[in-house]
Amino acid sequence: MSLALIVILPFLGAMLPALMIRAGRNACALATGTATLLAFALLLVHAPAVVLRGEVVQAGWQWLPGLGLNVNFFLDGLGFLFATLILGIGLLIIIYARFYLAKEDPMGSFYSYLLLFQGAMVGIVLSDNILLLLVFWELTSLSSFLLIGYWKHLPEGRQGARMALTVTGAGGLAMIAGMLLLGHIAGSYDLSVILQHGEAIRESELYLPALVLILAGCFTKSAQFPFHFWLPHAMAAPTPVSAYLHSATMVKAGLFLMARMWPVLAGTEAWFYLVATAGLLTMVIGAFIALFKDDLKGLLAYSTVSHLGLVTMLFGFGTPMAAVAGVFHIINHATFKAALFMNAGIVDHEAGTRDIRRLGGLVFLMPISATLATLAAASMAGLPLLNGFLSKEMMLHEAAHTAWAGQGWLVPLLATVGALFSVAYSFRYILHVYFGRRRDDYPHPPHDPPAGMWLPPALLVVLVVLIGLFPETMAGTLVRATAAAVIGGPVPDFHLSIWHGFTPALGMSAVAVAVGLLLILSYPRVRALWQAGPHPEAKAMFDATLGGALALAQRFTHGLHNGSLQRYLAFAVAAMVLAGFVAFSGAPHEAGTRALLPMQPVAVVAWVLLLGGCMLTVVFFRKRLLSVLVVGTVGLIVCVAFIYLSAPDLALTQISVEVTTVILILLALYFLPKESPVSSTVRAQPLRHLRDALLALAAGGGMAAVSWAMMTRDGVSLSDYYLENSVSGGGGTNVVNVILVDFRGFDTFGEIIVLGIAALAIFALLDGALHGRVGRRLSAWTPDLPVSVDRHPIIMVVATRVMLPLALLVGAYIFLRGHNQPGGGFIAALVVSIALIMQYMASGFAWAAQRVRVKYHAMIGGGVLVAVATGVGAMVLDRPFLTSAFTHVHLPVVGEFELASAMAFDAGVFLTVVGAVMLALANLSRMGRWTAHRPVNKMAMDVDPSAAPYREHH
Amino acid sequence: MIEHALTFGYVAVSIAVLLNLWRLLRGPSLMDRVLAVDTMVINVIALIILFGIQQRTTVFFEAALLFAMFGFISTVAYCRFILRGDVIE
C-alpha cells in the first residue's frame, strides 16, 4: 500500500500549492516540498529491502480486470533508482524554483504542474502493468506541455510546448500499439509476467513490429535522432523545468523503458542495429551541434541529447556489462546535468543573459557559481576524479569491443569523436562563460545568487565529486541493484574504480581530451569552418511537415464537411444503406414465420396521412414555414402509432417534444430566410436531387424491409426480463419508467448531465455571440416579415393564464403516477416547461423573466445534485450506486401509497429537464430583443383593462 | 350497439382527417393550412378516445389530454410567427 502512496502523494499534493499560494510563496513552496519529501521518505523506507537484499516490493489492486488493466506497482532496483532521481532531484528543484521564479510568475500553478508531473513520472517507474504505465506516460506528456508553456506570454514557450507535445504524443501513440502487441504476445499486461516471457517474445513474429513501435515511443521521449529536435525548443521553459524534466527525469523515461524492457527485447540483431545505431548517431550529432550553440541552455540541451544517445547506445549493445555502464551513466548524468542547468539558470538570473557571446570573465564576480559550474562541466567532459569520467571510460571500453556490421573500427572511432566534441563544449561552458576577459556590458551586474539557489546544485556537485572519488562506496551497491533489475539475470562481476590500467579506453579518452582542448583553443577558426557548412533547421522542417499534414486533413475534412447539410445526410444515409446491405447479403433470406394480422381501416387512414405528410414535405420544401407545418403532421401520426402499438409513455413524450421542437424551430426561423434559395431546386441541381431521391428510396425501402423481417419473426428480446423484474426489483409497474430510473438509471444519470451541459453551452455560446459580431449583425438586421401591431393580444394572455394552473396540475399528476402508470419525470418536465413557455409567448420575455424567480442554471445543477444524492444514498446503505428502494406507507385520508427512492431520482430528472429546456428556449428568444429596437414590455398585454378609458364605458 | 357507434365514429373521423390533408395540400392561404393541422390534431384526439373506448382502457386518456392542451400551443406559436415573426418577444 505504501508503494501506491508514493505515486499518489504527488498527485494529492498537486492540489496544495494552488491553495497554499494564498498563504504566501514560502508556504506554497513548503507545502509542495512536504508532499515530495513524504513520498521520498516512503521510498527510502524500502531502500534496505530493495537495494541491499535485492527484493521486489509489490502492491496493487484490480481496476479493469476485463481489459487486463490493473493498478499494480512494484519496486525493484531500477524503479528505486529512477524514483530516487525523480523525488530527490525534485526536492532540490522545488527549493531552487522558490528563489528562481519572479514575483509576477504564478507560483501556485507552477508547483501544481510540477507535482502532477512528478506523480506521473513516479507512476511510470513503479508501474507493474504496461497499460497503467501508458496512462502515466501520457500524463507526463501532458504535464510537461503545461510546464514548458508555463510562460504563456512567450511565443517560443507556446510553440516549444506544442512541438514537445506533438512529438512525444505521437511517439506515445505508437507505443500504445507496441505495448498492446507485447501484451498480446505475452498473454498478460503485467510487467512481471512479461519479463518472464523474454524468449517467447523474441521468437514471436510480432516481435519486430512491437519493438519498432515501442522504440518509437522511447526515442521520441528521450529525444533520440531523428526526433531530437523538440528538446532544444522545450528550453523556452523556466530553468527549473529544464533542469528537472530535460536533464534528470522526463527525457530519461525513454531510457527507463528501454532498460525495463531490456531482458525481453534486447539481445537480438534488430535491437542492436536499431538502438545502438540511433544512440551512436544521436551522441555524435548532439555533441557536434552543442559545440556551436550560443544559448547556454541550448548548449546543455544538445549535450543532454548527446548523453541520452550515449546511454541508448550502451543499452543497444545488449551485453550485461554495457547495461551496467548505461545505468551508471544515468546516475552520473543526472547529477552533473541538473547542476549545470541550475547553474545556467543562475547565470541567466544574475547576469541577465544566457548568450555565451555576451558572457565571460564571471569567475571573480560569481566565485561560488563558477566553482560549481567548473566541477560539473569537467565531469561532463569526462575528466578524471569526477563521476563523468568513470562511466565514460566504461562506455569507451564497451565501444572498443563492439563491431558494427563486421567493422570493428567504426563504433570506437565514432564514440571517440562524440567524446571529443563533448570535451570541447564542456570547456566552452567553463572558459567562455567564467574565464577570459572581464566585461563591463553585462545586462545586470552579476553576483552570486542567494543560498537557496546555489545550495541545490552544490549538493549535486558534492555527489559528483564523491562518486568520482569513491565510486564503489558511493554508488556500487545502487548500480549493482539497478543493473540486476535491468539485466534480469546474474550481474557480471565488476568493480567501479578510477584506475583500470593502460587500456584502449584510456587511450581514446586521452585523444578525446587532447583534441577537444585543441578545438576549443582554436574555437574562432572551428566556428568559421562550421559557419561555412549547411545548417538544416529542424523547426522549419517540423512546421512544414505539420502544415502539410494540416492542409491534407483540412482538404479531406472540408471535402466531407463542406457545410452542406444535404451532403452530411447523404454520406450518413449512404453509409447506413451500405452497412445494411452488407448485413443483408450475408444473412438467410427466407420469409418470416409469424402469421400476419388483419389490416385495420383506421391504421390505413393513419398510413395515408403519414404518406401524405411526407409527400407534402417534398412538395413544399422551399417554403420553410410550410415544411415545418407539414412535418408536424408526420409527428402527429408517429404519436398515434405509439398509442396504437401500446407505447403510451413514448406517445406522451413525443407529443411534448413535438411542441417544444415547433417553438424552437420557429424561434430560429425568424432569423433565417423564409424560402430555400433557387439554387436548391430540381431544375438547378437535377443530379443532386436524383442522388438524394435514390438514396431516400434505398434507405426507406431498406427500413421497411428490416421492419417487415423483424416483425414476422419470433426473436428473443430483453423485454421479458424487464417485465418480470420490474415490480420486484424496481417497485413500479410501469416498466418503461422503471427502466429509466432503475434498470438503466446510470444511463439516465449520464443523460441528464449531458442535457444540462448542452443547455449551459447554448447559454454560454449565445451570451458570448450576442456581445460580439453576431450581436452587431443582429442589431443591424431588420425583420423580413410584415408585422401586426397587436404585440400581446389580450385573448392570448387570458387563455394562457387560465391554462397555466391546469397544465401545472397535469404535470404534477404525470410526475406522481409515473412509476406505476405512463408518465414520469421527463414527460412531466416537458409539460411544465411548455406551460411556462406559454407565458413567455403571451406576455413577452421581459415580463415573464421578471416573474420567474428561479435561476434555470441553478435548477439544472440542483437536479443533477438531487440525482447524485439519491445514488449516493444507496451507497451509504452499502448498496451499489443508484440501487432503488421502496416501501408502502399508510396515511390517514390519503390511504396507502408507495414511496420509492426512484421518485427522488425522477425529481432530479424533472428539475434538470425543466431547467435545460427553459434555459435553452429563453436564451434563444433573447436574440429577438436585439433586433426589436423597441422598449421591452412592462405590462402583461398591449392594453391595460384597468386603465381609465376602459372603465368609463361601465 | 357501442360497436356500431364506434364504427360510425371511426368512419366519420377518418373522412375528416383525409379532408384535413386535402385542405393542407390545397390551402390556399397559409392560415388555412395552419388551421388544417390544428383540426387534424382535434380529429386525432377523437381517434385516440375512440380507440380507448374500443380497447376498454383509460391508458391512452393522458395522450389525448396532452394533445388537447398542446395542439393549441403549436397553433398559437404558428399564429404568432405569422403575425409578429418573433414567437417570444
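Cβ atoms here come from the backbone N, Cα and C positions, even for glycine.
Per TrEMBL, the features are:
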DOMAIN    A:66-111  domain 'NADH-Ubiquinone oxidoreductase (complex I) chain 5 N-terminal'
DOMAIN    A:127-404  domain 'NADH:quinone oxidoreductase/Mrp antiporter transmembrane'
DOMAIN    A:610-674  domain 'MrpA C-terminal/MbhD'
DOMAIN    A:688-766  domain 'MrpA C-terminal/MbhE'
DOMAIN    A:795-918  domain 'Na+/H+ antiporter MnhB subunit-related protein'
TRANSMEM  A:77-97  transmembrane segment
TRANSMEM  A:132-151  transmembrane segment
TRANSMEM  A:163-186  transmembrane segment
TRANSMEM  A:271-292  transmembrane segment
TRANSMEM  A:359-389  transmembrane segment
TRANSMEM  A:409-431  transmembrane segment
TRANSMEM  A:498-521  transmembrane segment
TRANSMEM  A:568-587  transmembrane segment
TRANSMEM  A:599-621  transmembrane segment
TRANSMEM  A:752-772  transmembrane segment
TRANSMEM  A:856-877  transmembrane segment
TRANSMEM  A:897-924  transmembrane segment
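The transmembrane segment (A:409-431) makes contact with the transmembrane segment (A:271-292), as judged by at least three Cβ pairs under 8 Å among residues 6 or more apart in sequence. Per DSSP, the domain 'MrpA C-terminal/MbhD' (A:610-674) is made up of 53 helix, 1 strand, 11 coil. Taken together, the residues in the domain 'Na+/H+ antiporter MnhB subunit-related protein' (A:795-918) have a mean pLDDT of 85 on the 0 to 100 scale. Two recorded stretches are said to be in contact when at least 3 C-beta pairs lie under 8 angstroms, sequence spacing 6 or more; the transmembrane segment (A:856-877) and the transmembrane segment (A:897-924) meet this definition. Here the domain 'MrpA C-terminal/MbhE' (A:688-766) is broken down by DSSP into helix, strand and coil counts: 67 helix, 0 strand, 12 coil.
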